[in-house]
Amino acid sequence: MSSGLNATGGTEQFRGWVPQSNDRGTLDIIISCGATIFLCIWTSVCVNVPHPADGAWAIFRDRCYMFILGAIGPEAVYLLAIGQWCSARASVRAFSRSRYPGWTMKHAFFADMGAIHLKVEEMDSFPVNAKQLHFLVINKYIPYPHIPREVIDDKNKYDGLARLISTVQIFWFTLNTVARVITGIATTTLEITTVGFIVCTLPTLFFWRHKPMNVQFPIELACDVPLHQIVGPRGRNAAKPYHSTPLDFIGIDDWSIYQAWRFYVSLLRKMRLVPAKPASLPKRRISSFNFPPLTIGTIAVAAVTLATYTSVFVAAWNLHFATHVEQVLWRVTTLGSMVTAAVGPLFEGYFILPKFLSRRRVSRTHKPHEPGNETDNFELVGRSTFHYDSNEPQTLSECTPSDAEAQGHHHGHVPKLPVPLRTVLVSTPVLGLYVIFRMYILVEDAISLRRLPESAYAGIDWTQVIPHI
C-alpha cells in the first residue's frame, strides 16, 4: 500500500472541525464528496415506465427508491444495469436472426422497461418485454412494430446538462484525489468511499447508455388474436398461474439474485418496513428492480468490477483513524466486503457453468425449442424451497379482471413462488454480513471527520484553478 495515502509524521498535529480557509475545511470535504455521490447516483439511475394511471410522480418516487438503493449499495444498481444490458443485447440478436435488423439496443431497452403495451380484448393493456414481443412477432400474432428511433428519443427525458455536470465533477474529484495521493497529502475515508461510488457509476452509465430515461406513457400495440389462442398451444408452462401478465410463460428469466431480492423485499413488506401497494392482474408495469440474469461473460465482467470497487476501500488500509479500534474495524470490514462480494459470482458460476455447457451440447444435437416452451434459464435445483409472498396469481383460463376479482385474486392475497433453499442459505448470511460491513464503512466515513491529520485540509495548488463544485 502506498504510504502517500496518509503521510502522517510522528510530530504532525491533529485538529477537529475546521472552518473555511484558503485551503479547505471540513465543510468543503463534506460538500465535495456529497455533491459527487449525489450526482453519481441521481444522473445514472434509469427507472422503468410507471403504471399508466400513476403519472410523473411515480417516476420520481421510483428514482428516489433507486437512489436510496444506490446510496446503500451502488453495486446493486450496477448489477441491474448490466443485467438489463444483457437482456437487451439478447433481444437484438434474436430479432436480427429473425431478419428484423431495425431492432436496436434502444428499442430493446424501450420494450424491457415496459414502454410497449399489448392490448387484447379480454383485459386492460399490459407490458410486454422484448423477449415476449419477439415471440408475438415471429408467431404472427402481431406485425413487427416499426417504432422510429425519433419516437423513442421524443419520449426520452435524458438530461444532458446534468450528465455533463456529473462528468465534470467526477473527473475533477478523481483528479484531485489521485493528486493528493501522489503528493503525499492525507486523504479521508469519505473521499475513498466517493471514489468507490465513481467506480460503480462509470460502468453503470455505460451499460445504461441506450436506455431511455423517465418515459411516462407506453405505446400500445393492438392484438386481434384472442388471448386464449396465444396461450392455448403453449404447453404446461402456459397452463400455470401467472404472476404478472398472461405471457409470463415466455422465457421466464429467474435467477438467484432476483429470487433473493423478491424474497427479502417480501419479508420487509410483511414486517411493514416496505410499503405494499395492492395490485390487480395483469400488472401494468414492469418493476424497475427486476435483475435480469447475466451471461457467463458478463458475470466475469461484474466480478472484476466488484473486485475493483471493494479494493478501493482496502486501499485506505494505512489511512489515519482516530483510534486503533477504528483502524482494525476498517480493515476487517473492507476485507470482509471483498470476500462476501466474491461469493456471488463464485456461487453463480458454480451452478450456471455446468448448465451452460450442457445446453450448448444439447443445442448442437437438437433443434431449438419451440418458442414459448423454453425452459427457464435458471432452474430450481433440489426439492427443498422456501416460499414468499407477492400478488396473487391468476390462471390463464381466468383472463378477465372480473373473474380474478370474483375469486379474491384482485387485491391483497399472495401466491407462493419458489425460492431455492440453496439461494436462501447462501444469500442470507452473506448479505447480512455485507450489509453490516457496508454500514460500518458509511458510519466511519462520518465519524472519522472528528479527528483528521492537518494535511487533510491542505489544498493542491494546480487544482485550485480548475472549476468545480
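Placed from the backbone N, Cα and C atoms, the Cβ positions cover glycine too.
Note on TrEMBL: of 25-45, 424-444, the range annotated with the feature transmembrane segment is 25-45. Range annotated as transmembrane segment by TrEMBL, chosen from 161-179, 256-274: 161-179. The stretch in 161-179, 185-208, 294-317 that contributes the largest number of Cβ pairs under 8 Å to the transmembrane segment (25-45) is 185-208. Residues 5-8, 29-30, 33, 36-37, 40-41, 44, 46, 74-75, 77-78, 81-82, 84-85, 163, 170, 173-174, 177, 305, 308-310, 312-313, 315-316, 319-320, 330, 441-442, 444-446, 448-449, 452-453, 455-456, 458, 460 of the same chain, all 6+ positions outside the transmembrane segment (185-208), place their C-beta atoms under 8 angstroms from a C-beta of that stretch.
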